[in-house]
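Record features (TrEMBL):
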type     : residues : note
TRANSMEM : 21-40    : transmembrane segment
DOMAIN   : 23-448   : domain 'Major facilitator superfamily (MFS) profile'
TRANSMEM : 63-84    : transmembrane segment
TRANSMEM : 91-110   : transmembrane segment
TRANSMEM : 116-137  : transmembrane segment
TRANSMEM : 181-202  : transmembrane segment
REGION   : 228-248  : region 'Disordered'
TRANSMEM : 266-291  : transmembrane segment
TRANSMEM : 303-325  : transmembrane segment
TRANSMEM : 332-353  : transmembrane segment
TRANSMEM : 359-378  : transmembrane segment
TRANSMEM : 390-412  : transmembrane segment
TRANSMEM : 424-448  : transmembrane segment
REGION   : 456-542  : region 'Disordered'
COMPBIAS : 468-478  : compositional bias 'Acidic residues'
COMPBIAS : 485-494  : compositional bias 'Polar residues'
COMPBIAS : 503-513  : compositional bias 'Basic and acidic residues'
């Protein structure tokens, strides 16, 4: 039999997420990427004291390095979404790994703070952004029922790398200076390319139908050779083209889907995240220098970030497991609101910590609350918009958060330079986080729970535990029905041809028996008309 046309003879349908298999390798890559993306801007703060001495700048000037990194991580979200939708996750991540590494290597040769902004800030931040967002998209593709746990495990990469990169940076600073440290850090960032290489696209489910070549081959076998067979083929081809014309609009994919702004849950989430980011990153960025100013030795000050990271390592997977429980998953937004409230109150209650013991206690509670926020933030977004629109949603959310990142830490740095008091900064940051928690909880209850009679366009996939799976199964079933319809059409055409042949032969035999064939002489005109009628019956039947 003939081979079907590979383009026209198959219907792409989303594959059911495996929730394991190669997905665990993808999870490992996402773990490393998340670690570099979130821990690196904080770990770079270890070098700020030396940068202030070499470039003769204030703390607010050096704080811009971390802010620009985070701003690029967030602000380039729509660009990453478009690139992923256009080229796929793996090529984008490979390019991102090279850019991140090149930025830190070039930063080791800079001679002023502006060059440092452009290299370590812009270039490295862009590279990490091109790795971070595609890795989350791939994680959502490979996991569905275990997605909360997968998000928690991947988010644990941030504390693991924070607890290791911060002491490593201190060691590199003491042995090689900040230039040597930047150069070695640039080499470490090349591991992002390895993580990008393992992001194998999940094969699209292809249900092979009756292809064009196969239809023609079968039609030629069943029908007489000549114009009659081509007429039968054109009937089946015309039917197939008509059905494919209806399917073509479904294949089109928007590079950036703005329809998610019609989702009230997405609007509430975006506003709360903007307020959250204003204060969330301020304490860990200021913590090391705050400890040094209170008389804590440099090594012990850097170890405070390791404490946060160590606690965070266990908090994120544990929170992911709790979020995956059947009775918790439908209300994961409220758990996220509680985690933000916990984090904000930790900042406020620990603002007066003035010794190393107090700072350690702060780091323990901050690590727990910060881990809960990190484990839930993207799980809540996936639950609101679904995996199909997640690539566009995360890009737009990160863009909006970028403005908050550019406002929060630099403003805190300027207040430190002006007031010489860290207590006010911790009060301010904690208040912003508490406000975001209250807004998310109250708005979700008032705007969403009371409007359940009018369901949102995008249903919560986590509540059912498998909306993506059901969608994939429906597409496969549709492909099977379409294939069976084509087979039935081909068989019905063949049966019609056989029946028409038999009827035509039967009419011809009766006429020969009655009149002895076509009459001649006086009945010549009638005979000609009779023979033409027989031929027309045969022609019309085909």
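For all residues, glycine too, the Cβ spot is worked out from N, Cα and C.
Nobody curates TrEMBL annotations by hand; they come from automatic prediction.
The transmembrane segment (266-291) is not in contact with the transmembrane segment (181-202), judged by fewer than 3 CB-CB distances under 8 Å for residue pairs 6 or more apart in sequence. Here the transmembrane segment (91-110) has long-range neighbours at 33, 36, 80, 83-84, 116, 119-120, 122-131, 134-135, 179-180, 182-183, 185-187, 189-197, 199, meaning same-chain residues at least 6 beyond its ends whose C-beta is under 8 angstroms from one of its own. No contact links the transmembrane segment (116-137) to the transmembrane segment (332-353), because fewer than 3 Cβ pairs that are 6 or more residues apart lie under 8 A. On the 0 to 100 pLDDT scale, the domain 'Major facilitator superfamily (MFS) profile' (23-448) averages 82 in this prediction.
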